[in-house]
Amino acid sequence: MDTTEDPVAGLAPVVSRLRPMTDRSVASRAAGGATRNAGLSPSAIAWSLMEAGRTTYVVLVLIYVFVPYLASVLSPDPVAGQTLIANVNLGAGIAAAMAAPLLGTTIDHLGRRKPLLIGLTLLTVPVACALWFAAPGMLSLMQIAALLAVSAVLFSLAEVVQNSLLVHAARPDERARASGLGFTVGHATSVAAMLFVLWAFVLPASMSSSWLPDRPLFGLDAASHQPERLVGPLCGLVILTCVIPFILLTRDAPARRTTVGQALRAGFADLRGMFAMLREAPEARTFLIGRMIFADALAGIIVFSGVFGAGVLGWGPRELMIEGLLASVFAAGGGIFAAKLDLGLGVKRSLLISLVGCFLCIVTKMSIGQDHILFVLPYDPAVQGRPWSLALFDTWPEWIYIGADFCISVFLTAALSSSRTMMAELAPPERTAAFFGLFALTPRSAPWICPLLVGLATTTFGSQQMGFLPIAVMIAIGIAVLIRVKAPGPP
(Lines of atoms letter the chains of each structure in order from A and count residues from 1; the text may use other names and numbers.)
(Lines give C-alpha, C1' and ligand atoms only; values in the text may rest on other atoms or scores of the structure.)
Protein backbone atom coordinates (compact mmCIF):
# COMPACT_ATOMS: atom_id res chain seq x y z
CA MET A 1 0.00 0.00 0.00
CA ASP A 2 1.23 3.49 -0.79
CA THR A 3 1.35 5.30 2.58
CA THR A 4 1.43 8.70 0.90
CA GLU A 5 -2.20 8.13 -0.17
CA ASP A 6 -3.38 7.08 3.29
CA PRO A 7 -1.74 9.19 6.02
CA VAL A 8 -2.96 6.87 8.77
CA ALA A 9 -1.26 3.95 7.09
CA GLY A 10 1.98 5.84 7.44
CA LEU A 11 1.71 5.20 11.15
CA ALA A 12 2.41 1.51 10.76
CA PRO A 13 6.03 1.78 11.97
CA VAL A 14 4.87 3.72 15.00
CA VAL A 15 1.88 1.58 15.95
CA SER A 16 3.89 -1.60 15.47
CA ARG A 17 5.95 -0.73 18.53
CA LEU A 18 3.00 -1.53 20.79
CA ARG A 19 1.37 -4.77 19.66
CA PRO A 20 -2.02 -5.90 20.99
CA MET A 21 -2.09 -8.56 23.69
CA THR A 22 -2.30 -11.75 21.64
CA ASP A 23 -1.77 -15.35 22.74
CA ARG A 24 1.73 -15.12 21.34
CA SER A 25 2.54 -11.93 23.26
CA VAL A 26 1.12 -13.48 26.44
CA ALA A 27 3.34 -16.50 25.96
CA SER A 28 6.28 -14.24 25.26
CA ARG A 29 5.68 -12.33 28.48
CA ALA A 30 5.34 -15.54 30.42
CA ALA A 31 8.61 -16.77 28.97
CA GLY A 32 10.20 -13.44 29.78
CA GLY A 33 9.12 -13.69 33.40
CA ALA A 34 12.16 -15.80 34.17
CA THR A 35 14.46 -13.00 33.04
CA ARG A 36 12.45 -10.09 34.38
CA ASN A 37 14.21 -10.12 37.73
CA ALA A 38 17.62 -10.65 36.15
CA GLY A 39 20.07 -7.80 35.83
CA LEU A 40 19.91 -5.44 32.90
CA SER A 41 21.92 -6.37 29.84
CA PRO A 42 25.12 -4.38 29.13
CA SER A 43 23.38 -2.92 26.07
CA ALA A 44 20.51 -1.51 28.15
CA ILE A 45 22.82 -0.18 30.87
CA ALA A 46 25.04 1.58 28.32
CA TRP A 47 21.93 3.10 26.73
CA SER A 48 20.85 4.40 30.15
CA LEU A 49 24.24 5.97 30.85
CA MET A 50 23.81 8.35 27.90
CA GLU A 51 21.20 10.19 29.98
CA ALA A 52 23.80 11.12 32.60
CA GLY A 53 25.75 13.43 30.32
CA ARG A 54 22.71 15.39 29.15
CA THR A 55 21.17 15.70 32.60
CA THR A 56 24.44 16.89 34.15
CA TYR A 57 24.79 19.56 31.47
CA VAL A 58 21.21 20.74 31.94
CA VAL A 59 21.54 20.96 35.73
CA LEU A 60 24.99 22.55 35.98
CA VAL A 61 25.07 24.70 32.85
CA LEU A 62 21.48 25.59 32.04
CA ILE A 63 19.89 25.82 35.49
CA TYR A 64 22.12 26.36 38.52
CA VAL A 65 25.64 27.53 37.64
CA PHE A 66 26.61 28.79 34.21
CA VAL A 67 23.42 30.44 32.92
CA PRO A 68 22.85 32.36 36.19
CA TYR A 69 26.49 33.55 35.89
CA LEU A 70 25.80 34.69 32.33
CA ALA A 71 22.59 36.46 33.30
CA SER A 72 23.78 38.14 36.50
CA VAL A 73 27.50 38.78 35.91
CA LEU A 74 28.23 38.99 32.20
CA SER A 75 24.98 40.73 31.25
CA PRO A 76 24.58 44.47 31.83
CA ASP A 77 21.91 43.85 34.49
CA PRO A 78 19.73 40.95 35.67
CA VAL A 79 16.70 42.08 33.65
CA ALA A 80 18.77 42.17 30.47
CA GLY A 81 20.22 38.81 31.46
CA GLN A 82 16.81 37.17 31.81
CA THR A 83 15.78 38.64 28.47
CA LEU A 84 18.95 37.22 26.88
CA ILE A 85 18.27 33.74 28.26
CA ALA A 86 14.67 33.98 27.01
CA ASN A 87 15.93 34.84 23.53
CA VAL A 88 18.41 31.95 23.61
CA ASN A 89 15.63 29.51 24.44
CA LEU A 90 13.37 31.15 21.86
CA GLY A 91 15.89 30.55 19.07
CA ALA A 92 16.66 27.02 20.23
CA GLY A 93 12.95 26.27 20.64
CA ILE A 94 12.10 27.37 17.11
CA ALA A 95 14.95 25.27 15.68
CA ALA A 96 13.90 22.23 17.72
CA ALA A 97 10.24 22.70 16.77
CA MET A 98 11.20 22.63 13.10
CA ALA A 99 13.52 19.63 13.30
CA ALA A 100 12.54 17.34 16.20
CA PRO A 101 9.01 16.24 15.17
CA LEU A 102 10.12 15.29 11.65
CA LEU A 103 13.22 13.57 12.99
CA GLY A 104 11.02 11.64 15.40
CA THR A 105 8.87 10.24 12.61
CA THR A 106 11.73 9.78 10.13
CA ILE A 107 14.12 7.89 12.38
CA ASP A 108 12.16 4.61 12.14
CA HIS A 109 12.75 4.53 8.41
CA LEU A 110 16.50 5.14 8.57
CA GLY A 111 17.45 1.92 10.36
CA ARG A 112 20.66 2.39 12.35
CA ARG A 113 20.54 5.05 15.08
CA LYS A 114 23.89 4.79 16.85
CA PRO A 115 26.04 6.76 14.37
CA LEU A 116 23.59 9.67 14.40
CA LEU A 117 23.26 9.67 18.19
CA ILE A 118 27.02 9.43 18.69
CA GLY A 119 27.59 12.27 16.25
CA LEU A 120 25.00 14.56 17.86
CA THR A 121 26.38 13.80 21.33
CA LEU A 122 30.04 14.28 20.44
CA LEU A 123 29.26 17.63 18.82
CA THR A 124 28.13 18.89 22.24
CA VAL A 125 31.55 18.22 23.82
CA PRO A 126 33.48 21.09 22.13
CA VAL A 127 30.45 23.35 22.61
CA ALA A 128 30.46 22.63 26.36
CA CYS A 129 34.22 23.05 26.62
CA ALA A 130 34.07 26.41 24.83
CA LEU A 131 32.08 27.83 27.76
CA TRP A 132 35.39 28.11 29.66
CA PHE A 133 36.11 31.15 27.48
CA ALA A 134 32.92 32.92 28.60
CA ALA A 135 34.66 35.82 30.29
CA PRO A 136 35.05 39.56 29.61
CA GLY A 137 37.52 40.15 26.81
CA MET A 138 37.11 36.62 25.46
CA LEU A 139 33.77 35.47 24.02
CA SER A 140 31.05 38.06 23.44
CA LEU A 141 27.56 37.71 24.87
CA MET A 142 26.19 36.80 21.46
CA GLN A 143 28.82 34.11 20.96
CA ILE A 144 28.04 32.62 24.37
CA ALA A 145 24.31 32.74 23.61
CA ALA A 146 24.93 30.98 20.30
CA LEU A 147 26.84 28.19 22.06
CA LEU A 148 23.98 27.66 24.51
CA ALA A 149 21.40 27.63 21.72
CA VAL A 150 23.40 25.13 19.65
CA SER A 151 23.81 22.81 22.63
CA ALA A 152 20.06 22.98 23.40
CA VAL A 153 19.16 21.99 19.84
CA LEU A 154 21.74 19.17 19.77
CA PHE A 155 20.40 17.79 23.07
CA SER A 156 16.80 17.95 21.83
CA LEU A 157 17.63 16.02 18.67
CA ALA A 158 19.81 13.53 20.55
CA GLU A 159 16.95 12.83 22.96
CA VAL A 160 14.63 11.99 20.06
CA VAL A 161 17.16 9.55 18.59
CA GLN A 162 17.98 7.95 21.94
CA ASN A 163 14.30 7.41 22.78
CA SER A 164 13.76 5.68 19.44
CA LEU A 165 16.73 3.38 20.13
CA LEU A 166 15.34 2.00 23.40
CA VAL A 167 13.29 -0.75 21.72
CA HIS A 168 16.48 -2.07 20.10
CA ALA A 169 18.97 -1.48 22.92
CA ALA A 170 16.88 -3.25 25.59
CA ARG A 171 14.86 -6.43 25.65
CA PRO A 172 11.06 -6.05 26.02
CA ASP A 173 11.21 -7.21 29.65
CA GLU A 174 13.89 -4.65 30.58
CA ARG A 175 12.79 -1.53 28.69
CA ALA A 176 10.88 0.01 31.60
CA ARG A 177 13.81 -0.61 33.96
CA ALA A 178 16.31 0.76 31.45
CA SER A 179 14.21 3.91 31.02
CA GLY A 180 13.95 4.34 34.80
CA LEU A 181 17.67 3.69 35.21
CA GLY A 182 18.40 6.45 32.70
CA PHE A 183 16.45 8.95 34.81
CA THR A 184 18.05 7.69 38.03
CA VAL A 185 21.60 7.71 36.70
CA GLY A 186 21.13 11.15 35.17
CA HIS A 187 19.75 12.55 38.40
CA ALA A 188 22.44 10.90 40.55
CA THR A 189 25.27 12.02 38.26
CA SER A 190 24.09 15.62 38.26
CA VAL A 191 23.79 15.63 42.05
CA ALA A 192 27.28 14.11 42.38
CA ALA A 193 28.67 16.70 39.97
CA MET A 194 27.07 19.54 41.94
CA LEU A 195 28.48 18.19 45.20
CA PHE A 196 31.94 17.94 43.63
CA VAL A 197 31.82 21.50 42.29
CA LEU A 198 30.67 22.77 45.68
CA TRP A 199 33.37 20.87 47.57
CA ALA A 200 36.24 21.47 45.15
CA PHE A 201 35.68 25.03 43.95
CA VAL A 202 32.77 26.99 45.41
CA LEU A 203 32.86 26.42 49.18
CA PRO A 204 36.69 26.67 49.59
CA ALA A 205 36.46 30.17 48.14
CA SER A 206 33.91 31.34 50.73
CA MET A 207 34.54 29.34 53.92
CA SER A 208 37.12 27.18 55.68
CA SER A 209 36.57 23.75 57.20
CA SER A 210 38.51 20.61 57.93
CA TRP A 211 36.58 18.70 55.27
CA LEU A 212 37.24 21.27 52.53
CA PRO A 213 40.39 21.96 50.52
CA ASP A 214 42.36 24.98 51.72
CA ARG A 215 41.70 26.70 48.40
CA PRO A 216 39.80 25.89 45.20
CA LEU A 217 41.38 22.95 43.39
CA PHE A 218 43.57 23.48 40.32
CA GLY A 219 44.27 27.02 41.48
CA LEU A 220 40.95 28.33 40.21
CA ASP A 221 40.19 31.95 41.00
CA ALA A 222 36.66 32.47 42.30
CA ALA A 223 36.93 36.24 41.85
CA SER A 224 37.18 35.82 38.07
CA HIS A 225 34.36 33.25 38.14
CA GLN A 226 36.52 30.40 36.92
CA PRO A 227 34.49 27.78 38.87
CA GLU A 228 31.34 28.83 37.01
CA ARG A 229 33.17 28.64 33.69
CA LEU A 230 34.72 25.26 34.48
CA VAL A 231 31.35 23.50 34.64
CA GLY A 232 31.22 23.54 30.84
CA PRO A 233 34.40 21.47 30.33
CA LEU A 234 33.42 19.31 33.31
CA CYS A 235 30.11 18.46 31.65
CA GLY A 236 31.95 17.81 28.39
CA LEU A 237 34.09 15.25 30.21
CA VAL A 238 30.99 13.56 31.68
CA ILE A 239 29.36 13.43 28.24
CA LEU A 240 32.48 11.93 26.66
CA THR A 241 32.76 9.35 29.45
CA CYS A 242 29.16 8.25 28.95
CA VAL A 243 29.55 7.87 25.18
CA ILE A 244 32.33 5.27 25.45
CA PRO A 245 30.27 2.37 26.91
CA PHE A 246 27.43 3.30 24.57
CA ILE A 247 29.72 2.90 21.54
CA LEU A 248 31.08 -0.41 22.80
CA LEU A 249 28.02 -2.13 24.25
CA THR A 250 24.67 -0.81 22.99
CA ARG A 251 22.85 -2.70 20.28
CA ASP A 252 21.78 -0.72 17.23
CA ALA A 253 18.67 -0.98 15.11
CA PRO A 254 19.01 -3.14 11.99
CA ALA A 255 20.35 -1.39 8.90
CA ARG A 256 17.88 -0.55 6.14
CA ARG A 257 18.35 0.21 2.47
CA THR A 258 16.15 3.29 2.68
CA THR A 259 17.72 6.50 1.40
CA VAL A 260 17.51 9.72 3.40
CA GLY A 261 15.06 11.15 0.88
CA GLN A 262 12.78 8.13 1.12
CA ALA A 263 12.93 8.24 4.93
CA LEU A 264 11.99 11.93 4.94
CA ARG A 265 8.99 11.33 2.68
CA ALA A 266 7.85 8.47 4.90
CA GLY A 267 8.35 10.68 7.97
CA PHE A 268 6.13 13.39 6.48
CA ALA A 269 3.48 10.75 5.81
CA ASP A 270 3.69 9.57 9.42
CA LEU A 271 3.20 13.13 10.67
CA ARG A 272 0.10 13.58 8.51
CA GLY A 273 -1.26 10.28 9.79
CA MET A 274 -0.69 11.24 13.42
CA PHE A 275 -2.60 14.48 13.15
CA ALA A 276 -5.39 12.81 11.16
CA MET A 277 -5.85 10.40 14.09
CA LEU A 278 -6.76 13.24 16.43
CA ARG A 279 -10.21 13.37 14.84
CA GLU A 280 -10.87 9.89 16.25
CA ALA A 281 -10.32 10.86 19.91
CA PRO A 282 -11.60 14.35 20.78
CA GLU A 283 -10.82 14.03 24.52
CA ALA A 284 -7.24 13.02 23.80
CA ARG A 285 -6.99 15.88 21.30
CA THR A 286 -8.15 18.43 23.85
CA PHE A 287 -5.76 17.02 26.43
CA LEU A 288 -2.80 17.23 24.04
CA ILE A 289 -3.61 20.87 23.28
CA GLY A 290 -3.71 21.68 26.99
CA ARG A 291 -0.52 19.73 27.61
CA MET A 292 1.30 21.58 24.86
CA ILE A 293 0.53 24.82 26.72
CA PHE A 294 1.25 23.80 30.32
CA ALA A 295 4.28 21.64 29.44
CA ASP A 296 5.91 24.66 27.80
CA ALA A 297 5.23 26.65 30.97
CA LEU A 298 6.69 23.90 33.18
CA ALA A 299 9.82 23.88 31.01
CA GLY A 300 10.03 27.64 31.52
CA ILE A 301 9.99 27.16 35.29
CA ILE A 302 13.01 24.89 35.02
CA VAL A 303 14.93 27.15 32.62
CA PHE A 304 14.45 30.43 34.47
CA SER A 305 14.63 29.34 38.14
CA GLY A 306 18.38 29.80 38.48
CA VAL A 307 18.34 33.10 36.58
CA PHE A 308 15.58 34.36 38.88
CA GLY A 309 17.44 33.40 42.07
CA ALA A 310 20.65 35.03 40.88
CA GLY A 311 19.06 38.25 39.66
CA VAL A 312 16.26 38.86 42.17
CA LEU A 313 17.81 37.47 45.36
CA GLY A 314 21.46 38.09 44.50
CA TRP A 315 22.43 34.43 44.89
CA GLY A 316 25.83 33.20 43.76
CA PRO A 317 26.81 29.65 42.76
CA ARG A 318 26.98 28.53 46.41
CA GLU A 319 23.39 29.46 47.18
CA LEU A 320 22.07 28.27 43.82
CA MET A 321 23.71 24.85 44.05
CA ILE A 322 22.76 24.21 47.68
CA GLU A 323 19.16 25.19 47.00
CA GLY A 324 19.18 23.11 43.81
CA LEU A 325 20.40 20.04 45.65
CA LEU A 326 17.66 20.36 48.26
CA ALA A 327 15.01 20.99 45.60
CA SER A 328 16.12 17.80 43.83
CA VAL A 329 15.23 15.82 46.95
CA PHE A 330 11.71 17.25 46.91
CA ALA A 331 11.41 16.66 43.15
CA ALA A 332 12.19 12.99 43.70
CA GLY A 333 9.09 12.78 45.89
CA GLY A 334 6.87 14.23 43.18
CA GLY A 335 6.42 10.87 41.47
CA ILE A 336 5.28 9.23 44.73
CA PHE A 337 2.94 12.15 45.39
CA ALA A 338 1.42 11.81 41.90
CA ALA A 339 0.96 8.05 42.23
CA LYS A 340 -0.99 8.43 45.47
CA LEU A 341 -3.18 11.20 44.07
CA ASP A 342 -3.79 9.29 40.82
CA LEU A 343 -5.07 6.27 42.75
CA GLY A 344 -7.03 8.21 45.33
CA LEU A 345 -8.63 10.99 43.29
CA GLY A 346 -8.26 9.96 39.66
CA VAL A 347 -5.61 11.12 37.25
CA LYS A 348 -7.46 14.23 36.04
CA ARG A 349 -8.01 15.61 39.55
CA SER A 350 -4.43 14.69 40.42
CA LEU A 351 -3.07 16.59 37.43
CA LEU A 352 -5.28 19.59 38.15
CA ILE A 353 -4.09 19.71 41.77
CA SER A 354 -0.46 19.60 40.63
CA LEU A 355 -0.97 22.37 38.07
CA VAL A 356 -2.84 24.57 40.54
CA GLY A 357 0.04 24.01 42.97
CA CYS A 358 2.52 25.09 40.28
CA PHE A 359 0.43 28.19 39.57
CA LEU A 360 0.27 29.25 43.23
CA CYS A 361 4.00 28.67 43.69
CA ILE A 362 4.87 30.74 40.61
CA VAL A 363 2.71 33.62 41.87
CA THR A 364 4.46 33.35 45.25
CA LYS A 365 7.84 33.56 43.55
CA MET A 366 6.71 36.61 41.60
CA SER A 367 5.75 38.30 44.87
CA ILE A 368 9.26 38.13 46.32
CA GLY A 369 12.06 40.70 46.25
CA GLN A 370 14.99 41.45 48.50
CA ASP A 371 13.01 44.33 50.06
CA HIS A 372 9.43 43.04 49.96
CA ILE A 373 7.23 39.99 50.49
CA LEU A 374 3.89 39.07 48.87
CA PHE A 375 4.08 42.05 46.49
CA VAL A 376 3.19 44.80 49.00
CA LEU A 377 4.71 43.94 52.39
CA PRO A 378 8.01 45.79 52.89
CA TYR A 379 10.90 43.85 54.37
CA ASP A 380 13.94 45.21 56.18
CA PRO A 381 16.10 42.74 58.12
CA ALA A 382 16.86 45.41 60.68
CA VAL A 383 13.13 45.81 61.40
CA GLN A 384 11.50 42.44 60.68
CA GLY A 385 14.55 40.42 61.69
CA ARG A 386 16.20 37.38 60.13
CA PRO A 387 15.07 33.73 60.25
CA TRP A 388 18.40 32.55 61.70
CA SER A 389 21.93 33.68 62.46
CA LEU A 390 23.69 31.75 59.68
CA ALA A 391 25.12 33.85 56.84
CA LEU A 392 23.29 31.74 54.26
CA PHE A 393 19.65 32.15 53.24
CA ASP A 394 19.31 34.57 56.14
CA THR A 395 16.34 36.69 54.98
CA TRP A 396 12.63 35.95 55.05
CA PRO A 397 12.15 36.60 51.30
CA GLU A 398 14.72 33.87 50.63
CA TRP A 399 12.94 31.44 52.93
CA ILE A 400 9.56 32.10 51.28
CA TYR A 401 11.12 31.71 47.84
CA ILE A 402 12.84 28.46 48.84
CA GLY A 403 9.61 27.10 50.32
CA ALA A 404 7.79 27.90 47.07
CA ASP A 405 10.57 26.31 45.05
CA PHE A 406 10.52 23.11 47.12
CA CYS A 407 6.74 22.88 46.65
CA ILE A 408 6.95 23.55 42.93
CA SER A 409 9.57 20.82 42.61
CA VAL A 410 7.03 18.33 43.97
CA PHE A 411 4.09 19.66 41.94
CA LEU A 412 6.05 19.93 38.68
CA THR A 413 7.34 16.36 38.86
CA ALA A 414 3.87 15.15 39.81
CA ALA A 415 2.31 17.00 36.87
CA LEU A 416 4.73 15.41 34.42
CA SER A 417 4.03 11.97 35.89
CA SER A 418 0.23 12.35 35.97
CA SER A 419 0.08 13.74 32.44
CA ARG A 420 1.74 10.58 31.12
CA THR A 421 -0.77 8.43 33.03
CA MET A 422 -3.67 10.50 31.70
CA MET A 423 -2.46 10.02 28.14
CA ALA A 424 -2.50 6.26 28.70
CA GLU A 425 -6.13 6.46 29.90
CA LEU A 426 -7.37 8.69 27.07
CA ALA A 427 -5.63 7.05 24.12
CA PRO A 428 -7.71 4.51 22.17
CA PRO A 429 -6.34 1.05 23.07
CA GLU A 430 -5.55 0.20 19.46
CA ARG A 431 -3.71 3.51 19.00
CA THR A 432 -1.73 3.75 22.24
CA ALA A 433 1.73 3.77 20.66
CA ALA A 434 0.77 6.35 18.05
CA PHE A 435 -0.83 8.66 20.62
CA PHE A 436 2.25 8.43 22.80
CA GLY A 437 4.15 9.50 19.72
CA LEU A 438 1.98 12.60 19.63
CA PHE A 439 2.38 12.94 23.41
CA ALA A 440 6.16 13.09 22.93
CA LEU A 441 5.98 15.46 19.96
CA THR A 442 3.55 18.08 21.32
CA PRO A 443 6.04 19.74 23.72
CA ARG A 444 8.52 20.01 20.85
CA SER A 445 5.95 21.60 18.52
CA ALA A 446 5.87 24.91 20.41
CA PRO A 447 8.84 25.14 22.83
CA TRP A 448 9.47 28.72 21.76
CA ILE A 449 6.23 30.27 23.03
CA CYS A 450 7.14 30.50 26.72
CA PRO A 451 10.67 31.95 26.15
CA LEU A 452 9.22 34.49 23.71
CA LEU A 453 6.56 35.65 26.18
CA VAL A 454 8.96 35.69 29.15
CA GLY A 455 11.40 37.81 27.15
CA LEU A 456 8.68 40.23 26.09
CA ALA A 457 7.27 40.54 29.62
CA THR A 458 10.70 41.02 31.19
CA THR A 459 11.56 43.78 28.70
CA THR A 460 8.15 45.45 28.86
CA PHE A 461 7.92 45.62 32.66
CA GLY A 462 11.66 45.91 33.32
CA SER A 463 11.24 43.29 36.04
CA GLN A 464 12.35 39.70 36.40
CA GLN A 465 9.38 39.00 38.65
CA MET A 466 6.88 40.21 36.05
CA GLY A 467 8.79 38.23 33.46
CA PHE A 468 7.30 35.14 35.14
CA LEU A 469 3.74 36.38 34.45
CA PRO A 470 3.42 34.52 31.10
CA ILE A 471 4.37 31.26 32.85
CA ALA A 472 1.52 31.71 35.33
CA VAL A 473 -0.90 32.63 32.53
CA MET A 474 0.08 29.61 30.43
CA ILE A 475 -0.44 27.27 33.39
CA ALA A 476 -3.87 28.85 33.99
CA ILE A 477 -4.80 28.34 30.32
CA GLY A 478 -3.61 24.74 30.50
CA ILE A 479 -5.81 24.19 33.56
CA ALA A 480 -8.81 25.72 31.78
CA VAL A 481 -8.33 23.42 28.78
CA LEU A 482 -7.79 20.38 31.00
CA ILE A 483 -11.05 21.00 32.89
CA ARG A 484 -12.91 20.39 29.61
CA VAL A 485 -11.43 16.90 29.23
CA LYS A 486 -13.65 13.99 30.27
CA ALA A 487 -11.35 11.48 31.95
CA PRO A 488 -11.96 8.30 33.98
CA GLY A 489 -12.29 8.77 37.73
CA PRO A 490 -10.40 6.89 40.43
CA PRO A 491 -10.55 3.09 40.30
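Each Cβ is built from the backbone N, Cα and C atoms, and glycine gets one as well.
Curation plays no part in TrEMBL annotations; they are all automatic predictions.
Fair warning: this is a prediction, and the values are worked out from it, not measured in the lab.
Copied from TrEMBL, the annotated features are:
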type: TRANSMEM; residues: 55-72; note: transmembrane segment
type: TRANSMEM; residues: 84-104; note: transmembrane segment
type: TRANSMEM; residues: 116-135; note: transmembrane segment
type: TRANSMEM; residues: 141-161; note: transmembrane segment
type: TRANSMEM; residues: 181-202; note: transmembrane segment
type: TRANSMEM; residues: 230-249; note: transmembrane segment
type: TRANSMEM; residues: 293-314; note: transmembrane segment
type: TRANSMEM; residues: 320-339; note: transmembrane segment
type: TRANSMEM; residues: 351-368; note: transmembrane segment
type: TRANSMEM; residues: 399-421; note: transmembrane segment
type: TRANSMEM; residues: 433-454; note: transmembrane segment
type: TRANSMEM; residues: 466-485; note: transmembrane segment
- If we call contact 3 or more Cβ pairs under 8 Å (sequence gap 6 or more), are the transmembrane segment (320-339) and the transmembrane segment (84-104) touching? no
- Task: Answer with yes or no whether the transmembrane segment (293-314) touches the transmembrane segment (181-202) by the criterion of at least three Cβ pairs under 8 A, sequence separation 6 or more.
- Result: no
- Item | Spatial neighbours of the transmembrane segment (141-161) far in sequence, C-beta under 8 Å, 6+ residues away | 54, 57-58, 61-62, 67, 70, 74-75, 84, 87-89, 91-92, 95-96, 99-100, 103-104, 107, 113, 116-117, 120-121, 123-124, 127-128, 130-131, 134, 444, 447
- Query: Looking at the stretches 230-249, 351-368, 399-421, 466-485, which one shares the most CB pairs under 8 Å with the transmembrane segment (55-72)?
  - Reply: 230-249
- Cβ-Cβ under 8 Å with the transmembrane segment (466-485): same-chain residues at least 6 beyond its ends: 79, 82-83, 86, 283, 286-287, 289-291, 293-298, 300-301, 304, 308, 348, 351-352, 355-356, 358-359, 362-363, 365-366, 426, 449-450, 453-458, 460
- Tertiary contacts of the transmembrane segment (293-314), as residues 6+ beyond its ends and Cβ separation under 8 Å: 62-65, 67-69, 71-72, 78-79, 81-82, 85-86, 89, 320, 323-324, 355, 358, 362, 365, 368-370, 397-398, 401, 405, 408, 412, 415-416, 419, 442-443, 446-447, 449-451, 454, 464-465, 467-468, 470-472, 474-475, 477-479, 481-482
- Proximity verdict for the transmembrane segment (116-135) and the transmembrane segment (84-104), three or more C-beta pairs under 8 Å: no
- Message: Can you work out which residues elsewhere in the same chain, 6+ from the ends of the transmembrane segment (399-421), have a Cβ less than 8 Å from its Cβ atoms?
- Response: 291, 294-295, 298, 301-302, 305, 309, 313, 323, 326-328, 330-335, 337-339, 341-342, 347, 350-351, 354-355, 357-358, 361-362, 364-365, 368, 373-374, 387, 393, 439
